[in-house]
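Chemist: Take a look at the following structure, please.
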Amino acid sequence: MAAKRNNVTTDVPESSVAPAEGTALTLDTRVSLRVDSVIPKKRQETLKWFGWGYNDSQFYGQDGIICFRGDKYPLGGCELRNFTKWVEKKFELTVDPSKPYPQLPQTYPRPVENAPFLTELRGSTKVEHSLEGIDRLIRCHGQTLNDIYSLWHNKFHRIPDIVVWPHCHDEVVQLVRLAHKHNVMMVPYGGGTSVSGAITCPQEEKRTICALDTSQMNRLLWLNRENLTVCFEAGIVGQDLERVLREQGLTVGHEPDSYEFSTLGGWVATRASGMKKNVYGNIEDLVVRVRMVTPTGTLERECSAPRVSCGPDFNHVILGSEGTLGVITEVVLKVRPLPVVKRYGSLAFPNFEQGVLFMREVALRRCQPASVRLMDNEQFMFGQALKPEKSWWTSLVDGLKQRYVTAWKGIDLSEICAATLLFEGDLKDVKRQEAIIYEIAAKFKGFPAGGQNGERGYILTFVIAYIRDFGLHQGIVAESFETSVPWDRCSLLCRSVKQRVVSECHKRRITFYTISCRVTQTYDAGACIYFYFGFRCVDVANPVELFEAIEHSARDEILSCGGSLSHHHGVGKIRSNWYRKAVTDTGSSLYSATKRHLDPKNIFALGNLLPLEEDIQKAAAPSPASPASPPKAKL
Ligand SMILES: Cc1cc2nc3c(=O)[nH]c(=O)nc-3n(C[C@H](O)[C@H](O)[C@H](O)COP(=O)(O)OP(=O)(O)OC[C@H]3O[C@@H](n4cnc5c(N)ncnc54)[C@H](O)[C@@H]3O)c2cc1C
């Protein structure tokens, strides 16, 4: 029987847990600490079936005011009068609380059956499974606008026909073998937070679709304090992983904005990036070893040495494979001792261009704090509108009044922008970093705007994710998209993409919209840019199609400005038509050949990276050059 200790349950006697520290050297040294996850196996008990996040956390309207319910976030129980005014002004909309949210469907698409698969699954394995409609429905999609809109409007006609919950690597091996034998399509499902259509069931799939939910594969397998490495099963959710490590005085430090719900396997499969990558690295910097089960065998590197010169690094075949090559089961990660000091800060700049110059200089001098994010004016105003009582802006002014009155003069409020800062380390390092950062800021007319504003900025990140569903409910479609770009194109790209979106909106007679951007990550050679775009869609027949057409134009603009197809969201299905061009014909043929080798029957036929309609055989052959503006990918 498993014994429970706080939120960790051990499958093995206490005595066999301890020796792992400093002695565990291979992936097979099992310590097996099962983690009680915040997300139950029946996800719908805790998470919304029809959108983002916890069941008890939600924006809603009351007496014409937007409010937020739930006690998990700092806005819980707040009336957001400033935000209400912002929405009314921006979209000419009055909040209508009477609109109904979608109801759980009474019926679900008929499953495509594969009797021999089911018989063998039941007969020769102990893997748990479900054929229930709701279990299938909630695993047919991710978190794109298209996903949520399709869900609300009952548009999915293909959802998983069966859901399976393996408990360990060996059960995944059994499942993949069975799926391969019986030609069942398999979707590795992590946290379902994909924003690229990667996890969305291909709607044209004729075979039985089996969603392999990794959530029950969430053990801490071993921890090696001497090497500062840890091995987790791939289904562990970000917040669980960090909680367990925090109890040991450690952290991985990987915090994508979705880390409450996304999983380790999902991070690896999508090449995720966390907001604190400056200190801890992106996922590819954190992964030491990774194990992936494919129909042809298990792919993994044989040793945990920090770096090897041994031909191409096959970890990088797994990283970014987006569920198309196999199932990631176990990952060895680097860990760090918890920082002694964690301090927030913020800066205000007279305009975005000055802010970008500041970011560039910080990168040049390689003195980035754990996180530094620069918001443009539109996002800055949006952020301050979200403050419940006194606006961020008001408190910013309050703080600045006393110390910076002179510096303040001459600043145009319609141009001002802000950066949020997070410093982590020991006290001496943090103080030194703060001094350098504020000195660089001053060079570009920036000035400190207080730690509270910085902290709010980061905490709001998690709440902002809930706004999309509220917007959709009220008649606003909105979503983010991102890219990375060399420094010399950074300002140009931000400007051009915003202009392009504005002109596309005008062309389509969209009057009420918002488009904003922020620089979220800095590197030696460039930065990551995040755009938020939304428009009022009341009376629009197919708002998502319209949104996607504009986003598509924005992506063309990004590419023509020298930006990338994606910095961290991945390619998925929604960007797959650009993939071939992004990696060259030779690159896409190499990917196809790898896929054919690892997955000859194409059971991981998710249609990510290369478009679905590009059948795998065809993809191997050299193709004519891709069109400048490729056709839109199908989900
Ligand atoms: C509000 C919000 C904020 C976000 N912020 C960030 C951010 O800051 N940084 C960032 O990088 N991304 C971010 N994302 C995108 C998303 O969270 C990441 O892509 C994340 O890594 C997906 O993890 P997941 O466990 O939810 O994977 P899923 O959505 O379940 O799956 C994504 C893809 O990975 C595959 N996959 C999942 N698990 C496995 C496995 N074990 N083996 C093989 N393939 C697997 C799936 O088949 C699918 O193709 C955000 C998304 C949202 C909705």
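The backbone N, Cα and C atoms fix where each Cβ goes, and this holds for glycine too.
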Chemist: If TrEMBL is the reference, give me the range from 1-20, 41-60, 201-220, 481-500 marked as region 'Disordered'.
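Modeler: Checked against TrEMBL: region 'Disordered' maps to 1-20.
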Chemist: Measuring Cβ to any atom of ligand 1 with a strict under-6 Å cutoff, which of the recorded positions Ser262, Ala272, Thr324, Arg373, Arg468 qualify?
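Modeler: Checking each Cβ against ligand 1, the ones under 6 Å are Ser262, Ala272.
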Chemist: Fewest other C-beta atoms within 10 angstroms of its own C-beta: which of the binding-site residues Ala272, Ile328 fits that?
Modeler: Ala272
Chemist: Just jot down the residues in the same chain as Thr324 (FAD binding site), at least 6 apart in sequence, with C-beta under 8 A of its C-beta; none if empty.
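Modeler: Looking at Cβ-Cβ distances below 8 Å from Thr324 (FAD binding site), excluding near sequence neighbours, one finds Lys595, Asp599, Phe604, Ala605, Leu606, Asn608, Leu609.
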Chemist: Under a three-state reduction of DSSP output, how is Arg468 (substrate binding site) classified: helix, strand, or coil?
Modeler: helix
Chemist: Would you count the other C-beta atoms found within 10 angstroms of the C-beta of Ser258 (FAD binding site) for me?
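Modeler: So the number of other Cβ atoms within 10 Å of Ser258 (FAD binding site) is 25.
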Chemist: Just going by other Cβ atoms within 10 Å, which of the binding-site residues Pro188, Gly192 has the emptiest spot?
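Modeler: So among Pro188, Gly192, the binding-site residues given, the one with the fewest Cβ atoms within 10 Å is Gly192.
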Chemist: Taking Cα atoms as reference points, rank the binding-site residues Gly192, Ser262, Ala272, Arg468 by distance from Arg373 (site 'Important for enzyme activity') and give the first.
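Modeler: Checked the binding-site residues Gly192, Ser262, Ala272, Arg468; minimum Cα distance to Arg373 (site 'Important for enzyme activity') goes to Ala272.
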